[in-house]
Amino acid sequence: FVSSQVEILDWETKKQLCFLDKVEPNATIREIRLMIHKLYPRWYPARQSIKLDPKGKSLRDEEILQHLPVGTTATLYFKDLGPQIGWTTVFLIEYTGPLFIYFLFYFRMTFVYGLDERFTSSPHPVVNLACICHSFHYIKRLIETVFVHRFSRGTMPLRNIVKNCLYYWGFAAWLAYYINHPLYTPPSYGKKQINFAVIMFLLCEAGNFSIHVALSDLRRNGSKTRKIPYPTKNPFTWLFFFVSCPNYTYEVGSWISFTIMTQCVPVGLFTLLCFIQMTVWAKDKHCTYLREFKDYPSHRMPIIPFLL
């Protein structure tokens, strides 16, 4: 690679957006993004997708120009991803909503259930327990967002935040309405069912947190290089022996236990949708591991040991 010229074309129209001259051969894609940003201030780096082919995948920030399969003059394709929002902000918004929305129903606000005398009676103990568990789950998520998670991609399209909030906030309201309803009936098997579910819930929450810490430790030095996650001395991480995404396994387990605890149909439906979505994510991540690592453990499954 001897050329120091880079042509940037629009990925859709194939028209030239700019021509970068005197680009160092060892320049990274991130540095090229910054050059484009200097010419087009509205397209900040996180908003840019740079590709070798219009229909191909976006190049990573750390990729070096001279290592790419380009000709004398490098031709790269640009796509505007639209306004972006940081993942930390996304998670804080998504998880704060359910936390406070649930309390509107737990405290039986008059605009929700009305002023009927029956609706002022003390709730069943499991209702209080469900509120504690639901709040604990989302407080844990908020803590992880601030102190544990390390994001390989810093942002997502701003338009997606509305869709995500509708999902999390809407389901939180639906679950809370039925669980805290004055006519709510407790689980069929009473304390035994509730106690079993609480223990299961706490174990899954602990497991989920342990996996997130283990994944975070893989990028402790700030590196974005993907590594194979392996079990640590923490017994909760031993699920890595069997699945690629045990954090999703534990997450689904938490919601299954919450369903058993509350014996509430909306919670069960939410759990089913969570399982479907997380299975899709787990399969995608599992395929990525298999594609990137030739020595990836062959016995691992995406989300459920030995099955799925």
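The backbone N, Cα and C atoms fix where each Cβ goes, glycine too.
As given in TrEMBL:
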- 5-80: domain 'TECR-like N-terminal' (DOMAIN)
- 155-308: domain '3-oxo-5-alpha-steroid 4-dehydrogenase C-terminal' (DOMAIN)
- 85-107: transmembrane segment (TRANSMEM)
- 166-184: transmembrane segment (TRANSMEM)
- 196-215: transmembrane segment (TRANSMEM)
- 235-250: transmembrane segment (TRANSMEM)
- 256-276: transmembrane segment (TRANSMEM)
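Of the candidate ranges 85-107, 166-184, 196-215, 256-276, 196-215 contributes the most Cβ pairs within a distance under 8 Å of the transmembrane segment (235-250).
Helix, strand and coil counts under DSSP for the domain 'TECR-like N-terminal' (5-80) come to 17 helix, 24 strand, 35 coil. In the predicted model, the domain 'TECR-like N-terminal' (5-80) shows an average pLDDT of 89.
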